[in-house]
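Notes for the one structure printed next.
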């Protein structure tokens, strides 16, 4: 059975994508951003450095939340074993591939910690032509909602999906299902590899629990100020009785 979304304070609803090649660069970013960011996503680039869990441990010691974004996809037994081990670490979110019901169920059953599992639906870098090339001639929103419902039925706690689909997902799954949205572009589309993007306010108005932001902060002249500005947008978009 899916668990309720994490009880996130407003400042924890911004997740910074820590896409860097190693430990030293990661910690430099954490120090640079200071109190403007309290939640970090660590993914495949750091894993390849061999310093992944050193970074995870360093973030936890700084009282930061951690999102492990490794998109696990394998036979059910292998994914279950991985989730069982990872649940022993101080991890708030972890991604699993959202296209295999048996694997999703095995992952959910193996998750005995406080970690929330998020199913990957359709990457925000993909549009309908990309799906068609895979033999799926449907609109991304239809595929995403279908995958979200399948993940919920398997006991997964939420999904990671474009903010463009946050509203349809929320209406389909109800309030007790986590929605985390990457591909957020505070200033609008910028012509990078993200196709299905939205702004900060729209994501939260449509039902997102948290957003993932990378390049708009990382490439800003003052990254901490950029993160703080996004935090202000989040607070303005949340209900008045929100955290």
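Cβ coordinates are placed from backbone N, Cα and C, and glycine is handled just like the others.
Annotation source Swiss-Prot lists active site, proton donor at 71, citing sequence analysis. Per Swiss-Prot, the feature substrate binding site maps to 19, 41, 69-78, 124, 185, 194, 214-215.
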(message) Just to confirm: which same-chain residues, 6+ apart in sequence, have a Cβ under 8 Å from the Cβ of residue 73 (substrate binding site)?
(response) 79, 96, 97, 99, 100, 103
(request) Tell me the Cβ contacts of residue 71 (active site, proton donor) under 8 Å, same chain only and six or more apart in sequence, or just say none. (result) 95, 96, 97, 120
(message) Can you give me the same-chain residues 6 or more apart in sequence from residue 19 (substrate binding site) with a CB-CB distance under 8 Å?
(response) 43, 45, 46, 214, 218
(request) Would you count the other C-beta atoms found within 10 angstroms of the C-beta of residue 124 (substrate binding site) for me? (result) 24
(request) Would you count the other CB atoms within 10 A of the CB of residue 214 (substrate binding site), including those on all shown protein chains? (result) 18
